[in-house]
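Beneath this line is the structure, given in structure tokens, with notes to follow.
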Amino acid sequence: MATQKSTTALDAKSKMTTDLVRPLANFPSSIWGDRFMSLSIDKSELKTYDKVIEKQKQELRRLIIDPSMDSNKKLSLINSVYRLGLTYLFEEEIEGQLDKLFKEIDMQEACNEADLYTISVNFQVFRQHGYKLSCNVFNKFKDYTSDHKFKEYIMADVRGMLGLYESTQLRIRGETILEEAFAFTESQLKGVLDTLEGNIARQVKHALTSPFHRGLRTVEARIYFSNYEEECSTYDSLQKLANAHFNYLQLQHKEELASVIKWGEDMDFKTITPYARDRIPDLYLWGLGLFSEPHYSQARILISKMAQLICVLDDTYDAYATIDELHLLTNAINRWELSATEQLPEYMKPLYKVLLNEHVELEKQLSSKGKSNFVNASKKAFQELAMGYLQEAEWRHNGKVPSFQEYLKNGLITSTYNVFAKSSLICMSDIVTEEACTWYDSDPIILQATGLLGRVYNDISTFQFERKRAQQQITSIEAYMKTFGVPENVALEELKKMVEIAWNDINKGCLNTNEISKKLLAPIVNLARMTDVIYRYNDKFTFPEKTIEEYITLLFCESIPKN
């Protein structure tokens, strides 16, 4: 019924705007149907889980600050806490312990006595928390006397190689040993995967598909709980806390998803933009990806709404409107006033009003706090995005392939990272200082790298689909081929290298930073992670039947049995 309704609506809109030739994409319909339309939760269950969390939190806190615990065991515990998404519960305690260990212990000497897995865990913990532990801790595993690069005996240590592989995801530019270790461990782990069984097989398979550092936090926490039973069961309080915490979050996220779906129904997107992708459950995943902690409930809802607005704007510019209509829409967005509605085609008017009205609501919420300037920043980001989308549409319309640098300059805008960044500031306005705003406005390397990652990864995964549906599509692949005179396969390889360099820069931006708090950095890194999850192998947003379907099912439909 939903498909028939959308088709009818689309036909009606087409007749209203005459028989124009439109660049229709014919996106696949939502795989969810009305599956999440009637989500309901038992509030008493939330209270039950909350009591368990509070009790086990106290027990685990005592372990984290226990001065008698061996440093390697403590770092292993902190690693499990981090991977289970529980760090926010113990921020001060963990920071205090890591600061003490990093300053008081000679980590190079300590690592000389440890095995590969232990060193890898220690390296990951410090890097993940912003400490620049030297990659030289892995030097003792190098073989400088042969062509093997690494000592042969570690090939038999699958657990150690897996730890090293995960460590390489945290590398920055110039860390040659980690570049070599990445190639070595990836090759070795792929080679032995079919011979493995049990948890280690699941751990290796998942890491090769989605390395932890680049994964969606809530999904990785759930998978860690299942695949790393030994690590999670070492401490009873850790296991019980993780169990209750995941089930608590699942109930909370169901409630939020229901709220976003209802908003989408109230806005009537299926009728006003029937040509656009219907992906609200998938878009909620972006909100969940950027903000995973329970206290960011409103942030997840806001990011989901912004993602929906971005999605329908993208599809309007890319897959429905004519070039003349796009000029009218862009002009209206730049004016940002209700009277501009009159210049728009009938089918565009409802969408334009939704865009304006959502920001009016935001302004009402933030004006009492003196934070309305964040809404202005969001408006500006949408205006820049519209101009970027229009530029791409003009290139397509005129059959022009821009230079790679010209494309990339515009592509950093159409990657949408700036809209998400400004929306994140709205979500965290209570802790955003003037210095932080200045830092954001300076367009630091980590923000540029996140934007580049989004644009290039998107192009790599979607260009074949785009070519099939339209004669003239302009992506970074075509721009690179034209600028440097190389064939498609070479362009793709070079762009993939750029993705890895972008990750190097993102990693560096998280180390020893005094310019901005880790809390404000988190959604930026999480945006890069979401991009990686969505576009690593294909466009999982447009075609969500595999990975995204599995993730949403895992997060919303499969609870963990109570302890």
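In case you wondered, yes, glycine gets a Cβ from its N, Cα and C as well.
In Swiss-Prot, the annotation motif 'DDXXD motif' applies to 314-318, one of the ranges 184-188, 314-318, 414-418, 559-563.
(2E,6E)-farnesyl diphosphate binding, as stated in Swiss-Prot, involves ASP314, ASP318, ARG455, ASN458; the candidate among ARG222, ARG277, ARG529 given for that site is ARG277.
Counting every protein chain shown, 21 other Cβ atoms lie within 10 Å of the Cβ of ASP318 ((2E,6E)-farnesyl diphosphate binding site).
Within its own chain, the motif 'DDXXD motif' (314-318) has Cβ neighbours under 8 Å at 23, 25, 27, 273, 275-277, 326, 329, 348, 351, 386, 389-390, 392-393, 416, counting only residues six or more beyond its boundaries.
Around ARG455 ((2E,6E)-farnesyl diphosphate binding site), taking its Cβ as the centre, 26 other Cβ atoms fall within 10 Å, counting all chains.
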